[in-house]
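K.L.:
Let me begin by handing over the structure; questions about it come next.
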Amino acid sequence: MPGQTKKIWLEYLAIAALGILAHSIIYLQGLQNSAVSPMNDLILYQWWLQQALAGMGWYGITVEWVYPYLAIFPMLIAQGFSNGAGLLIGWIVLFSILHILTALALKYYFGKTGSRAAILWFGFLLVLGPVSLSRIDTAASLSALAGLMIWLRGREKTAAAFFVFGAWLKVWPAAFVASLFIFVKQKAAVIRTALVLAVAILAAPIILTGNFSALSFIASQTGRGLQIESVAATWFLWLAKFGDGSYGIYYDEKMVTNQVFGPDIGVIAQVLNPLLLVAVVALVLLGMRAAQRTENTNELLFVVWLTITVALIVFNKVGSPQFIGWIVVPVLGLILIGSKLVRVATGFVFALAALTNLVYPIWYLDLMSLGLTSLTLLTVRNVLLIVFFAWLLFRLVIMTRAVR
């Protein structure tokens, strides 16, 4: 047995070493693109904290903010973790450690399958590049992954709590909450847990301060324009590329992002808001129908999660590069349950990650000048997103027709 124990410890050490290597490369890649500064969001996070600590108000609590207010807490922790080196260093070190610990937990709780999931996860983060480690989405994805692991361990209420917490960091883990209700065994208890936690998180700052800025992220998101990386913006970028002067790129100082201007762009941006909601509701209903027809509920759960997550990108007017980091979480779930869909899903997510990294940060300056190379890469990436969504929708429809 000592030999077996040694082998197990070596496997843990190998995963940890792989995690250190992957995160070191990601950090170094972020430093190599100084003209784009792909980790500059962390500098913005530090500025927000400095403003708050200087008495200018807490973002999302007493001052309107683009994020749910819980997003300020990972920033505070990272700042404290930095030991004076600055939030950027603190954030990178903190989440590198948390990622490695999560990978080790995958190995501990799920054995060889967990090891494969951990290795794929590190590979995905590496291929996606600096945005995989330098956005608030990093914290939200980690919370969602923790919830997923807890779900598979049979603790539904605790899993729901992690998904709700993740949604209050960056809204997208709400997709997990929405689809979770289809499959949970104790629906009333899980729904009650999720609702009580969500309401408590929302009510706390409002009651304590009398300020409703905790809701400001909703208006900030619904009122923003069409970001250049979004699927819906692709056509208009090509129009601008081929000389239609009514379309182009501008920098939105309030949202700190590059968006498309032109005729009817505002209308399209507004239409995408309800369209996204309709898509999510339709997918939940489709999942409910499939749940009545299939015996493989675990696979169906992760297919529904993944389809909703991809829909949140395809129908989103924002399209930030870090959004691609969302899709790996349900794919890890497919790996952990041994789904036959893993190979195709993994192929899609790695291709999307690689293309996204090429667009941002590698060819981003070229994209800002509507360069042919970057526009082609972005178009291929966005078309691939649509194809991925169509494939997932096809798989989901097949599940609705299955016979028990």
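Cβ coordinates come from backbone N, Cα and C, glycine included.
Keep in mind that TrEMBL annotations are predicted by a computer and have not been checked by a curator.
Here TrEMBL flags 12-30, 88-110, 119-152, 158-183, 195-219, 265-286, 298-315, 321-337, 344-363, 375-398 as transmembrane segment.
I'd like these features described in context: how deep, what's nearby, how far apart.
P.N.:
Within its own chain, the transmembrane segment (88-110) has Cβ neighbours under 8 Å at 11-12, 15-16, 19-20, 23, 27, 39, 42-43, 45-46, 74-75, 77-82, 117-118, 121-122, 125, 133-134, 138-139, 142, 145-146, 149, 152-153, 332, 336, counting only residues six or more beyond its boundaries.
Sequence-distant contacts of the transmembrane segment (158-183) (same chain, six or more residues past either end, CB-CB distance under 8 Å): 67-71, 74, 136-137, 139-141, 143-144, 146-148, 150-151, 190-191, 193-194, 197-198, 201, 217, 221, 280, 283-284, 287-288, 291, 297, 300-301, 304-305, 308-309, 312, 323, 326.
Residues 59-70, 160-161, 164-165, 167-168, 171 of the same chain lie 6 or more positions beyond the ends of the transmembrane segment (195-219) yet place their CB under 8 Å from a CB of it.
Long-range contacts of the transmembrane segment (265-286) within the same chain: residues 175, 178-179, 182, 222, 224-226, 232, 236, 247, 304, 307-308, 311-312, 314-317, 396-397, 400, each at least 6 residues beyond the stretch ends and with a Cβ under 8 Å from a Cβ of the stretch.
Residues 30, 33, 36-38, 120, 123-124, 127-132, 229, 306, 321, 324, 327-328, 331, 334-335, 371, 373-374, 377-378, 380-381, 384-385, 387-388, 391 of the same chain lie 6+ residues outside the transmembrane segment (344-363) yet bring a C-beta within less than 8 angstroms of a C-beta in it.
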